[in-house]
Structures are given as structure tokens and as C-alpha cells.
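Undergrad: The feature domain 'BPL/LPL catalytic' is assigned by Swiss-Prot to 30-209. The feature substrate binding site is assigned by Swiss-Prot to R69, G70, G71, K72, F73, T74, F75, H76, A143, I144, G145, G156, V157, A158, with sequence analysis given as support. According to Swiss-Prot, the site 'Lowers pKa of active site Cys' annotation covers K140, on the basis of sequence analysis. Taken from Swiss-Prot, the feature active site, acyl-thioester intermediate applies to C174.
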Amino acid sequence: MVQFVTIPNLTDYQVTLKLMQNYVNKVINVNEPEIVYLVEHSEVYTAGTNYKQEELLNYSDIPVIYTGRGGKFTFHGPGQRVIYPILNLASPNRSKDLKLYIKMLEEWIINSLNYFGIKAYLIKDKVGIWVKVRKDEFAKIAAIGIRVRKWVTYHGVAINISTDLSKFGGIIPCGLENSLVTSLNQLGVHIEMSEFDKIIQTEFNKIFT
């Protein structure tokens, strides 16, 4: 069974990035076991490899980090659960199939949200997990951006629990103009982060083990 490790308190993004990179090296070089890090970051905008500078609108005093993950700009901050699975897709019980891996990530998050009564969707040509907020109008509740090195995954998923959604106003999230963002709180679901963590671990084990 894959170990889940919760990093306490707000964590600097670059510190976590180094932690991930170091652990990926251990998985590749000395066959360390797979792990999933659960993190809550200090405020930061991160840019993936497909970012466009004009998608950074107004970030005031929030730092901007240019990362190696896929995707474009997103926001991380308090009240958001960020999940970093470090999995070895080359291991016998996995598959060297990135599309399948992303599909499994999506299914995992959708099932976890469903536990709390939130019906979530995938939208063609729009990365991430979405919920319907009005008739024919959707808002993103979770962002996905991954990277793989020698078939070992890192980076991952960010889910808005009680996030200050106004912070997304400093960017064009994931490069999608006029897209809405939402959170569990905004949808009327008020839970502790620890309660959410229990469910995502349960749902992870149903799909990845």
C-alpha cells in the first residue's frame, strides 16, 4: 500500500519541489517505495511549461515560480489541498501509459468529491476537474499538472477546499480566459482538511492499488 505523508503547516513551494525531486531520484536510483505527499502551500503562483507571460495579470506581492510541470499558470495557497503522488509507472503493478495515469488521477478526484455530494465533470479540451455552478456554466475545482522522469511521476493535483478564490484573479488560470473557479466551501461543503484527506486516501486505494 502506498504511504501518504502529510506535511504540516504552510509549506514553501520551492522547498516542496526539492523534496519531490529528491524523492524521485531515490525511487529511480535506489528503488524507494512510492509515496503521496499532501501539502498546503504558502501563497504562490506557479507556471507550467506551456505558460504565456500575458496570462500573468496582476500578482502584487505573491511570488511567481516557473516549474517543470505540464500546464500553465495556477495559484496555490492556504485552504487548498495539493497532492503530489510519486509513483513508479515502470513497476509491475503499474502501466507506462501517461494518458491512463491522468485518467486515473481524474477518476480519483471525481470519486472523492462525489463522497461529499459534489458532482464533478471532465470537459473536453479543458484540463482539470469541473463542477456545474449554473445552467450550462462550469467552474474549476481542481487543477492537474504532472511531470514524469524515467516513468516516475511527480507534481500532481490541487483541490480548492476553503481557498481564497480572489487570488485566481491575478492570473488566467490554466490559460482559460473567463473560466470560473470554485471550492468545496463555495459549494456549501465545510470540512476540515484532515477529513478530506481520509477520503482521498480511501479513494486512492480503490484505483491505484
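For all residues, glycine too, the Cβ spot is worked out from N, Cα and C.
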Undergrad: Given the model, what does the mean pLDDT over the domain 'BPL/LPL catalytic' (30-209) come out as?
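TA: For the domain 'BPL/LPL catalytic' (30-209), the model's average pLDDT rounds to 91.
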Undergrad: Please find, for R69, G70, G71, K72, F73, T74, F75, H76, A143, I144, G145, G156, V157, A158 as listed binding substrate, the greatest distance between any two Cα atoms, in Å.
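TA: Of all Cα pairs among the recorded substrate binders, the widest measures 15 Å.
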Undergrad: Which chain-mates of R69 (substrate binding site) that are at least 6 residues away have a CB under 8 A from its CB, listed by sequence?
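TA: Expected: T46, G48, T49, G145, I146, R147, H155.
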Undergrad: How big is the gap, in Å, between the Cα of G71 (substrate binding site) and that of K140 (site 'Lowers pKa of active site Cys'), rounded to a whole number?
TA: 14
